[in-house]
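Q: Pasting the feature list from TrEMBL:
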SIGNAL    1-19  signal peptide
DOMAIN    7-253  domain 'Nodulin-like'
TRANSMEM  66-93  transmembrane segment
TRANSMEM  99-126  transmembrane segment
TRANSMEM  135-155  transmembrane segment
TRANSMEM  167-187  transmembrane segment
TRANSMEM  207-225  transmembrane segment
TRANSMEM  237-258  transmembrane segment
DOMAIN    333-550  domain 'NFD4 C-terminal'
TRANSMEM  346-364  transmembrane segment
TRANSMEM  376-397  transmembrane segment
TRANSMEM  409-432  transmembrane segment
TRANSMEM  444-465  transmembrane segment
TRANSMEM  477-496  transmembrane segment
TRANSMEM  526-545  transmembrane segment
Amino acid sequence: MVGQSRKWMILVATTWIQAFTGTNFDFSSYSSELKTVLGISQVQLNYLSVASDMGKALGWCSGVSLMYFPLWAVMFMAAFMGLFGYGLQWFVIQRMITLPYVLVFLLCLLAGCSICWFNTVCYVLCIRHFQANRALALSLTISFNGVSAALYSLIANAINPADDNLYLLLNAVVPLFTSGVALIPLLRQPPSMQPLSREATYRDSRIFLCLNILAVVTGLYLLLLNSLSSKISNARILLVGAIFLLILPLCLPGIAYAREWARRNMPWSFQNDNSSNFNLANPDDLELHKELIAENESGNVVNATSYGMVDKQGCLWCFGKVMEKDRLTVLGEEHSARLLIRRWDFWLYYAAYFCGGTIGLVYSNNLGQICESLGYGTKTSSLVTLYSSCSFFGRLLAASPDFLRDKLYFARTGWLAVALVPTPIAFLLLTLSGSEAMLRAGTGLIGISSGFVFSAAVSVTSELFGPNSAGVNHNILITNIPIGSLLYGLLAALVYDSNEGSSQIRENFLKEATLCMGRSCYRQTFIWWGCISVVGLASSVLLFLRTRAAYNRFERNRCRTESSS
């Protein structure tokens, strides 16, 4: 029982780490000030945001470090990377020191690495202590990474609402403080957990359901009440409430275990309490139920007619051939890196992430300049909070395939395709109108869509290409983030700088920095980003069509096994 309670303390500590270390989400809050102090162009500012995202390309370093150092040591390494990376930038933006552009670029890279190292620690903790509910633990903790910007906005308003430079100082100090708070649970980790009984799995599932409901309440609290935090007194009261909501999950496992104790010792109190039929698939079932999709099922080779191909001499027949070529036939089959990059399904998956989730992250990096160009510069903080909160809800929704599995089964790659639909709609709205309402609607839609992709991707990678290889394979997948950040951000920066002639440039304040005002600064960029997001949506649909047979077969095997047992 002690070990079980400790694992929940580990989970709550992991949510704290994620909630206060998503520091890349508030880049837009201070990017304009950084651009002003350094006197750089929009293209050069884009390179700084790319440097922060490049930390994900170096994610393998954190995995290697775990082979030689304990988890708590790697966590503090990440904290000190952020302390130096963001702390020195704060000194620059406060004009206390002067650094060349190249060194600021390296500081952004170091800060980006710290985020990736924190994420690695959290992934390992969830996988190690929640083997039976790994997908739920990951989706819950990853979702809290999306509220970082809202929390930092609340903290900044509680200290000094007029100081945008405060974000950099908070980015440097708060993760280190959070690491100190999370140190005790990490040092008191339970021993290796034994496989859970079916009853214990149901109990844990109910706790996860309660934790997700509480997470939704936390997200709504930060989203709806953040607009009231413009005054210091209000912000401090709201901050106390937010901290209370983050601490409250510590009580839920205790309540569940007390109920279980009462159930064993006072059974008459629970005579009418039927066992919940709420059930989740154990990710380890991928190892237990692997089965090839027979090429000659029912004596017939699966051919193009499976996709409604009637005319085998036409384009439909060609499409069917493409759909059948080298498709995945097994869920959970381990893929080495060499085999992974030879898979068509992987490249469809890569394109869906590259043109879907990554483009949402680039949008958030440019949100400060987008607000400024449309004349809503004073609304930047609230829009960053909106994106962060919607990203949080999108990440929570990534757990829906597990919660709805018994009532509404749908392949996880199909959920991924559905999640990418809001992105092109959002860019269409942003292209058609520059009003504040459209800006908020588009920002919210992009936040939900990209948040779902970021959270669901870990589980999709595990299911398609093997759970044991997920650490390496997922790091290969997210190499698209720095690449997309560079290409999409560079596109936006070039369009922005090309339209500077139609704007008023405040040379006395911005030195050589450029300032573009008007819808023309980003309208063409929104059109390009919208077209790219359509490509991502099409790739996700093709991935779903290619993998749904494997998902359906796996689900039938799971149901057959459970009914027989």
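A Cβ is built for glycine as well, from the same backbone N, Cα and C atoms used for every other residue.
Set these features in their place in the structure for me.
A: Note on the transmembrane segment (66-93): residues 17, 21, 23, 30, 33-34, 37-38, 99, 104, 107-115, 117-118, 120-121, 124-125, 165, 168-169, 171-173, 175-176, 179, 182-183, 186-187, 189 of its chain, located 6 or more positions outside it, place their CB under 8 angstroms from a CB of the stretch.
Under 8 Å from some Cβ of the transmembrane segment (99-126) lie the Cβ atoms of residues 10-11, 13-14, 17-18, 21-24, 38, 40, 44, 47-49, 51-56, 58-59, 61-63, 65-66, 71, 74-75, 77-79, 81-82, 84-86, 88-89, 92, 134, 137-138, 141-142, 145, 171, 175, 186, 458, 471, all in the same chain and six or more residues away from its ends.
Counting residues 6+ beyond its ends, the transmembrane segment (135-155) has Cβ neighbours under 8 Å at 11, 14-16, 18-23, 25-26, 29, 119, 122-123, 126-127, 129, 167, 170-171, 174, 205, 208, 211-212, 215, 218-219, 222-223, 226, 229, 235, 238-239, 242, 280, 283, 381-382, 384-385, 387-396, 398-399, 402, 447, 451, 454-456, 458-459, 462 in the same chain.
Counting only same-chain residues 6+ beyond the ends of the transmembrane segment (207-225), those with a CB under 8 A from a CB of the stretch are 8, 11, 133, 136-137, 140, 143-144, 147, 150-151, 154, 238, 241-242, 245-246, 248-249, 252-253, 256, 278, 385-386, 389-390, 392-393, 396, 399, 403.
Regional average pLDDT for the domain 'NFD4 C-terminal' (333-550) in the model is 83.
Listed as Cβ neighbours of the transmembrane segment (376-397) (distance under 8 Å, sequence separation of 6 or more from its ends, same chain) are residues 22, 25-26, 28-29, 32, 139-140, 142-150, 153, 156-157, 164, 212, 215-216, 219, 222-223, 226-227, 360, 363-364, 367-368, 419, 436, 439-440, 443-455.
When Cβ-Cβ distances below 8 Å are used as the criterion, the transmembrane segment (409-432) is approached by residues 349, 352, 356, 359-360, 394, 397-398, 400-401, 438-439, 441-443, 445-446, 448-450, 452-453, 456, 459-460, 463-464, 522-523, 526-527, 529-530, 533-534, 536-537, 540-541, 543-544, 547-548, 551-552, 555 of the same chain, each at least six residues removed from its ends.
Sequence-distant neighbours of the transmembrane segment (477-496) (same chain, 6+ residues past either end, Cβ-Cβ under 8 Å): 41-43, 45-47, 49-50, 53-54, 56-57, 59, 346, 349-350, 353-354, 358-359, 361-362, 365-366, 369, 373, 457, 461, 514, 516, 521-522, 524-525, 528-529, 532.
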Q: Can you work out which residues elsewhere in the same chain, 6+ from the ends of the transmembrane segment (444-465), have a Cβ less than 8 Å from its Cβ atoms?
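A: For the transmembrane segment (444-465), the list is 123, 134-135, 138-139, 142-143, 145-146, 283, 286, 328, 331-335, 340, 343, 345-346, 349, 352-353, 356-361, 363-364, 386-399, 401, 412-413, 415-416, 419-423, 425-427, 429, 473-474, 477-478, 547.
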Q: Checking distant contacts: for the transmembrane segment (526-545), what same-chain residues at least six beyond its ends satisfy Cβ-Cβ under 8 A?
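A: For the transmembrane segment (526-545), the list is 307, 323, 345, 348-349, 351-356, 359, 362-363, 411, 413-414, 416-417, 420-421, 423-424, 427-428, 430-431, 488, 491-492.
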Q: Determine which residues of the chain contact the transmembrane segment (346-364) at the Cβ level, with the cut-off under 8 Å and only residues 6 or more beyond its ends counted.
A: 24-25, 27-28, 49, 53, 335, 340, 370, 384, 387, 391, 413, 416-417, 419-420, 423, 443, 446-447, 449-451, 453-454, 457, 460-461, 464-465, 477-478, 480-481, 483-485, 488-489, 492, 529, 532-533, 535-537, 539-540, 542-543, 546
